[in-house]
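Asker: A single structure is presented below for examination.
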Amino acid sequence: RPSWTVDSDSAKYSSFLDSLREEFGRGTPKVCNIPVTKKANNDKFVLVNLVLPFNRNTITLAFRASDAYLVGFQDRDSKTNKLRANFFSDEYRALSGKYKSIFTDAEVLAPALPCASTYTDLQNKAGVSREKLSLGVSSLQTAFTAVYGKVFTGKNVAKFALISIQMVAEAARFKYIEDQVINRGMYSSFEAGARITLLENNWSKISEQYHKSCKLGGGQFTEEEMKLGLLLYN
């Protein structure tokens, strides 16, 4: 299982993202030498451990294997000391019944999280747009600490989700985002801005263009789009 100790070691961060890309692409032929996600409608998930360096607290993120979307996470409830499985409100009905097959060491199923998994709802609950949200190691550490073992609010869950999605899944999809985290987010924080969110919003379309251009040749891509780390199955 890919694991990242959330600190300022950029080489380990890159290695973590490479192993995550390979995990998403396992069993699917590469296209243009880029890993490709699983076929849609399969019931598989990719789990990732985020570990805080100063106390070894661990949050396990669960991403759908077919599209790298975050569906929930596991942490340890500070009141009961039990590992709890947490799913977003829009995923809860479909996934809560099989939480033990997703988070195999979870001891309890928590109620649905107070937000949905969509960027729209997460931004509303966090009270900040993705463009203006601070990304970086210290931002992720702070957001992690605000949810780990705590009583969940829409705000603390949404902020943690927005930061971890962009620094994990979106950075796996786009090496340009990985580079931005390494260059601007290891020792300070930065706002994603419009260039990053434009890439995030168009991953499906860019993936489709890659599939076509790798078969037929040609294809026009921006410098940022050229640095693709993971393709959506086509």
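Cβ atoms are placed via backbone N, Cα and C, with glycine included.
Not measured: the values here are computed from a predicted model.
What Swiss-Prot lists as disulfide bond is Cys32-Cys115. Here Swiss-Prot flags Glu170 as active site, drawing on similarity to another entry.
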Asker: Judged by the number of other CB atoms within 10 angstroms, which among Cys32, Cys115 is the least packed of the disulfide-bonded residues?
Answerer: Cys32
Asker: Cα of Cys115 (disulfide bond) to Cα of the residue listed as 'active site': how many Å, rounded?
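Answerer: A Cα-Cα distance of 20 Å.
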Asker: Report, in whole Å, the straight Cα-to-Cα distance of Cys32 (disulfide bond) from Glu170 (active site).
Answerer: 19
Asker: Measure from the Cβ of the residue listed as 'active site' and count the other Cβ atoms within 10 Å, all protein chains considered.
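Answerer: A 10 Å sphere around the Cβ of the residue listed as 'active site' contains 25 other Cβ atoms.
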